[in-house]
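**Student:** If you scroll down you'll find the structure; I have some questions about it.
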Amino acid sequence: MTVATPVHGKRVGVTFGPGTPVYVLLVVLLAALALTDPGFYDPDRFLAFVKRAAPLVLLAAGQYLVIVSGEFDLSVGAIVTAGVVVAAELYGSYPGAHWLLMTLALLLAGAVVGLVNGLISTGLRVPSFITTLGMMLILEGAVFYWTGGSPQGVLPEEFRALGRGTAFGWLPWAVLACAAAAVLAVWLMRRDFGRTLIATGDSERTAALSGVRVHRVRVLAFVLSGVAAALAAVLVGGFSGVSAQAGRGMEFEAITAVVLGGVALGGGRGSVLAAMAGAFSLQALFTLLNLQGVSGALESTVQGVIVIAAVGIGAADFARLRRRRTQSAARSPRTHSSEGSTP
Amino acid sequence: MTGTALAPAPVKSPPRKASRLTDPVVGVWLAALAVTLLGWLVVTLDGGTFLTQANITGILQNSVALGLVAVGQSAVILTGSLDLSVAYLIGLGTLVAAETMQSGSVVTAVLAVLALSAAVGLANGLVVTGLKVNAFIATLGTAFILRGWIEHHYTGPAGKVPASFQRLGYDRIGPLPVSLFLLAAVALALWLITRRTRLGHHMYATGGDEHAARLSGVRTRRTVIAAHVLCSLCVGAAALFLAARLGAGAPWAGTEARYDLESIAAVVLGGTVLAGGRGGVAGTLGGVLVLAVLDSVFNQLSVDPFFKNVVRGVVIIAAVALYARRGARRSA
């Protein structure tokens, strides 16, 4: 992933497709991190960085599936908040619940939310922007109504292990979850599901006429996004504990990450790995800004500028620029030859 | 505004004239009426009185800020764009207004806020058209930039609005708050621009199909930029109103009420298509009224504010689902 050297620029472009700029951006950011903080690549600290990035990477992978099919999922931030708060409340009522059972329950709940999002967006033809916006209001409202505004309760240690514990003593579970999600997502995108998903996002009508069950594919994308968000909730809950602000703004971060990865809003283009790389870039950017000592407040300003610039550079029509250059290059010899032929 | 709502649809879709009742604009105003009646019924059954003058004034007053933002938002959405930076622009606008009024005159402050808004709108439009950044990301980026600026320079309310300007927020003529006339004026201006001028027709054309519009000679870039500037100017007006209402600059005035997403919800409730090209200002006002009446009903019933969000989410989804169904039947 980190071999995007300019020497092989063309071949890399072919291999990675429209996501190439994000890999360059990621390499630049990681290099800048190494320069700012020589200890950054100590295995422990690097793994800690990946662990922090894991929830956003999961959200980006889920969001990618929805966006590439031509829809939006604004409810993922609310799912994260709701997941953390609900887990804490449930542990308040059933202190002895097994962590695996609780995690599976959360994933199931995420799937149900995604299913509802998908069914409303496809079956009732409500634009998904509105469906998931409404779902966000509903989830946040319901969770706080249930908890009376201030979530209570503590998550037991074994539940939090997934977010902050390590396997074999060195590999954080979050990194494993992240890698598993990446493998699963790439596998899914190479199978029929992925191809029909991209076809649906590219042109719904063409896909439908070619026999794609457009609605079913989209609903499945929403369900997977909901599950990814629920898993992110488990990680966030384990990493930073119970908070009413757990998932605030994460939907926008996830969408930004996906778009940084060169995935077109509106669907039909982009790769899931690039979207996850976008999430890593965003997290690297946050870390870098922290290390550089940019004051907490101005951080979002810098973030805004960089996001616009990165997407702007990614959107620049390099093909057209190159064509123009080759045209002017082609034109000059032609004029030469015509001059040569006239006499 | 109901009269204007019945005005003929844009020239390019004559069949709509034939089915006025299924026009989303009429639909949303009927919905607003229905919600009002239902709210009146529920509140009366609950033992309260809904249609009091104070309450109606309250509803109208509450619609003004969201109305101003949503009217601007409909201009951008019509053109096929989107503006997520409105909430932070409102915060910054109230701060600039209050601080300028503290040290200078009211006129300078109004001009300063409008200039700031126009500049932000211009920047949004230029990034969307020039850098070809998707409007969602471009305006989200602008929102981050404004947020950083606000957080870096302000920690809480700042500045002070003189009593003379606060009258914009509190005075009323009969049952009608003065600020309602501000909303009416802005909405009328936007309605005239979108429906009666060349720019407006270009906005509909660009939102409907940007490529086709460009091929037909519409300068789509300029149109999108103009729409963004118009939207931000409306947001500036909302900021001025909120400054008058709150008496000081409030950094989080826009984000606490979630004007970014609420305004988009109001626009879509009003029957404007998110992809652009169809809809209008008149419907948006109806959408705003629906949300304001709902809010007032909940307050009267003293519903838990969190539960209010749940119902609001359900109503938004259900309303848009109804439109979608009707649209499907018409096209079938």
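Using the three backbone atoms N, Cα and C, a Cβ is placed for every residue, glycine included.
According to TrEMBL:
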type	residues	note
TRANSMEM	A:12-34	transmembrane segment
TRANSMEM	A:46-67	transmembrane segment
TRANSMEM	A:74-91	transmembrane segment
TRANSMEM	A:97-116	transmembrane segment
TRANSMEM	A:128-147	transmembrane segment
TRANSMEM	A:167-188	transmembrane segment
TRANSMEM	A:219-240	transmembrane segment
TRANSMEM	A:301-319	transmembrane segment
**Student:** Hey, would you say the transmembrane segment (A:167-188) packs against the transmembrane segment (A:74-91), going by three or more CB pairs under 8 A that are 6+ residues apart?
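**Tutor:** Contact criterion not met.
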**Student:** Determine which residues of the chain contact the transmembrane segment (A:46-67) at the Cβ level, with the cut-off under 8 Å and only residues 6 or more beyond its ends counted.
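**Tutor:** 40, 73, 76, 80, 128, 164, 170-172, 174-175, 177-178, 181-182, 185, 188, 197, 201, 221-222, 224-229, 231-232, 235-236, 239, 250-251, 253-255, 257-258, 261, 263, 265, 267, 270, 272, 275-276, 278-280, 282-284, 287.
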**Student:** Rank A:74-91, A:128-147, A:219-240 by Cβ pairs under 8 Å to the transmembrane segment (A:97-116) and hand me the top one.
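**Tutor:** Checked against A:74-91, A:128-147, A:219-240; highest Cβ contact count belongs to A:219-240.
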